[in-house]
Amino acid sequence: MSENAQDLLKDAAAGAAAAAAAGGSLFSTFDIIVLALLLGGTIWWFYNSKKESKRDKILLEKYSIQAAGSIQVTENSFITKLKTSGRSLVVFYGSQTGTAEEFAGRLAKEGMRYKMKGMVADPEECDMEELTKLQEIENSLAVFCMATYGEGDPTDNSMEFYEWLKNQDPDLTGLNYAVFGLGNKTYEHYNAVAIYLDKRLEELGATRVYELGMGDDDANIEDDFITWKDKFWPAVCEKYNIESAGEEELTRQFRHVLHPPDEISPNSVFTGEIAKLHSLQVQRPPYDSKNPFLAQITVNRELHRGGDRSCLHVELDISDSKMRYEAGDHVAVYPINDMDLVERLGQLTNANLDEIFSLINTDQESSKKHPFPCPTSYRTALSHYVEITALPRTHILRELVEYCSNEEDKKKLLLMATNTQEGKSLYQSFVVDACRNIVHILEDLPSCKPPLDHICELLPRLQPRYYSISSSPKHHPETVHITAVVVKYKTPTGRINKGVATTWLAQHKPEPGKPLPRVPVYIRKSQFRLPMQTQTPIIMVGPGTGLAPFRGFLQDRAFVRASGKEVGENILYFGCRHRDEDYIYQEELEEYEKNGDVKLNLAFSRDQANKVYVTHLLENNMDELWDVIGNRNGNFYICGDAKNMAVDVRNIVLKAIKEKGGRTETDAVQFLKKLESVKKYSSDVWS
């Protein structure tokens with residue numbers, strides 16, 4: 001046990017003794033001894049488990065993606081890498097879905113045009129305190145491509161860097177920087193991380209080379225990025241008195257190696273592991289984004305009773321994982337691409353999908369040796385590692401130009417890759433509005449025949465899909481529940497597009513006499529939490545699958561109430577199209593209502609002539625709304641669509657604060673912000 005733990009134990013024992021002395025018969029000597037022993041055991045367990053977890057995390061993070069037998073410890077000094085390789089540009093990224101990392105790579109690559117050799121860097125893998133030394137490199141520049149997710153939170157890989165900037169005051173005089181943010185305007189805290197970073201760096205003495213750029217994923221983030229960087233580079237040229245070297249050279253970042261059949265042992269070939277070879281065959285905690293747990297799917301059933309849509313209830317067995325979760329957390333699911341799309345892409349590129357290959361970074365100083373685990377087969381790469389269904393960005397279309405034999409196809413792709421208004425309009429209509437993925441583009445431009453290895457290099461990495469957990473560990477400590485609508489829609493070209501994860505889940509249901517299906521998962525902690533005091537009343541607004549976390553909340557509170565503790569009022573607003581078709585978990589909710597565990601407010605939008613939504617019900621109950629959040633210190637939660645529903649709900653809450661709480665517009669806004677800051681108004685929304 002550490003000295004701090006021992007001191008804490010002594011203080012606790014002394015405090016208990018003092019309490020006993022002050023309170024007379026409140027505690028006996030025996031009580032004090034038992035309490036001290038219990039506290040000591042708890043502290044010992046917490047300290048040791050934390051130490052073990054930290055040790056395991058360090059061990060996992062020190063390995064780069066390489067085949068077994070060639071694992072090396074990575075160097076975390078980006079200054080050393082810059083100096084030894086003659087570089088002056090470093091582009092850091094904070095990425096949750098891969099887009100910020102992609103943008104960072106494009107900026108670093110373009111640096112060559114401006115005589116600034118660049119390097120992409122992950123803040124999580126770097127000693128970010130070295131920013132104070134970047135001025136030692138002549139004409140140096142740090143660019144930050146930073147995404148914001150959740151309630152204005154930094155991404156997982158930039159969290160430590162973000163906290164360092166918040167809590168420390170390093171002298172960054174002499175540091176030249178620029179920031180491009182990735183966000184979504186439908187969220188309340190649009191680009192909050194990038195805005196903070198841009199301001200904070202200036203406060204610490206750094207020099208802004210070009211204004212903050214802000215990309216909006218709800219509109220066209222690709223267009224926002226191109227527009228920003230096309231003005232960013234001239235500002236860089238002016239700052240450093242340099243000139244563009246001319247047109248961008250199309251050089252590949254990764255070298256393609258095709259392995260002969262007998263060159264590599266099958267035991268050394270990646271078959272879908274996220275980072276470390278055989279990590280899905282030989283499982284070892286702790287489990288996280290780089291080391292997911294292979295969970296069995298024990299239940300997979302349909303929730304809808306009619307209509308043309310499907311909603312799944314999936315239960316994942318985590319009993320052997322040592323993973324823990326709370327109601328309100330998220331589960332990340334690593335999906336597999338549709339096999340029909342995989343086969344079709346192989347046909348369009350005339351490739352043998354079973355060939356083993358590697359993509360090796362031509363930049364030997366880069367910590368990212370491969371775009372995904374290598375060596376592997378083309379089939380595995382297309383199934384597990386790249387986003388086939390993503391809409392290709394303009395830089396991919398520019399690369400495809402070189403593989404077209406038809407001049408019209410070339411012109412079309414080249415135009416869409418430009419920053420002209422005509423090019424932007426064509427990209428919007430041909431790619432975005434038509435929902436064309438890489439397979440569709442190659443089908444519709446038949447003269448375009450790129451090699452499959454280059455396609456694998458260009459496409460972004462397949463990302464996990466996050467779901468709000470729809471269960472409580474108090475009721476289900478060994479399983480995690482998912483509630484998800486299966487994504488499937490017809491595009492303007494007549495094709496049927498499908499969601500990657502929900503399509504895979506829909507196809508993998510337990511069958512009698514067969515092994516249970518398995519899927520790689522990990523738990524992502526959330527701040528979407530029930531109040532610490534169980535007697536605090538709560539209002540929950542969750543139409544459709546927005547009900548998911550609130551099912552966990554209700555399970556949690558029903559369990560607490562059944563154990564004899566006081567529980568505050570639970571008020572739920574739920575809505576769907578039809579009571580008889582998509583009223584999910586109807587029996588459960590009505591049982592909770594019968595037992596006094598919830599007050600239901602239900603909106604079935606299409607069961608009558610005039611559509612009724614949860615927002616209508618909420619607006620009709622503003623007296624109760626204000627009573628809960630204004631008079632009874634209650635909590636308000638919302639889960640679901642960020643673009644429309646969440647905005648409407650927020651406006652109704654503001655209206656209640658003004659009309660029922662007697663506040664001015666300004667005071668109402670401040671009151672709501674205060675609720676948010678103390679987590680009494682919480683959102684778990686998506687667009």
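A Cβ is built for glycine as well, from the same backbone N, Cα and C atoms used for every other residue.
TrEMBL annotations: computationally assigned, not manually curated.
Among the features that TrEMBL reports, FMN binding site is placed at 95-100, 147-150, 182-191, Asp217. Here TrEMBL flags Arg309, Thr545, Ser605, Arg606, Lys611, Val612, Tyr613, Val614, Thr615, Asp648 as NADP(+) binding site. The feature FAD binding site is assigned by TrEMBL to Arg465, Tyr466, Tyr467, Ser468, Thr483, Ala484, Val485, Tyr489, Gly499, Val500, Ala501, Thr502, Trp686. The domain 'Flavodoxin-like' annotation in TrEMBL covers 89-233. Look at TrEMBL and you will find 290-531 tagged as domain 'FAD-binding FR-type'. The annotation transmembrane segment is assigned in TrEMBL to 26-47.
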Task = Ten-angstrom check, please: count other Cβ atoms within 10 Å of the Cβ of Gly499 (FAD binding site), all chains counted.
result = 19
Key: pLDDT averaged over the residues of the domain 'Flavodoxin-like' (89-233)   = 94
Task = On the DSSP side of things, how many residues of the domain 'Flavodoxin-like' (89-233) fall into helix, strand and coil, could you say?
result = 65 helix, 35 strand, 45 coil
Task = Please work out which residue of Arg309, Arg465, Lys611 has the most C-beta neighbours within 10 angstroms of its C-beta, and give that one of the binding-site residues.
result = Arg465
Sequence-distant neighbours of Tyr190 (FMN binding site) in its chain (C-beta under 8 A, six or more apart) = Thr148, Gly183, Asn184, Met214, Asp216
Query = Going by C-alpha distance, which of the binding-site residues Gly98, Gly150, Arg309, Lys611 is nearest to Val485 (FAD binding site)?
reply = Arg309
Request  = Based on Cβ atoms within 10 Å, give me the single least packed residue among the binding-site residues Gly98, Gly150.
outcome  = Gly98
Nearest of the binding-site residues (Ala147, Gly150, Arg309, Lys611, Tyr613) to Arg465 (FAD binding site) - Cα to Cα = Gly150
Remark   = Neighbours of Trp686 (FAD binding site) among binding-site residues Ser95, Gly98, Gly150, Lys611 (C-alpha cutoff 10 angstroms), in sequence order, are Gly150
Ask   = How many neighbouring Cβ atoms, not counting its own, are there within 10 Å of the Cβ of Ala501 (FAD binding site)?
value = 22
Task = Looking only at C-alpha atoms, tell me how far Arg309 (NADP(+) binding site) is from Ala147 (FMN binding site), rounded to the nearest Å.
result = 32
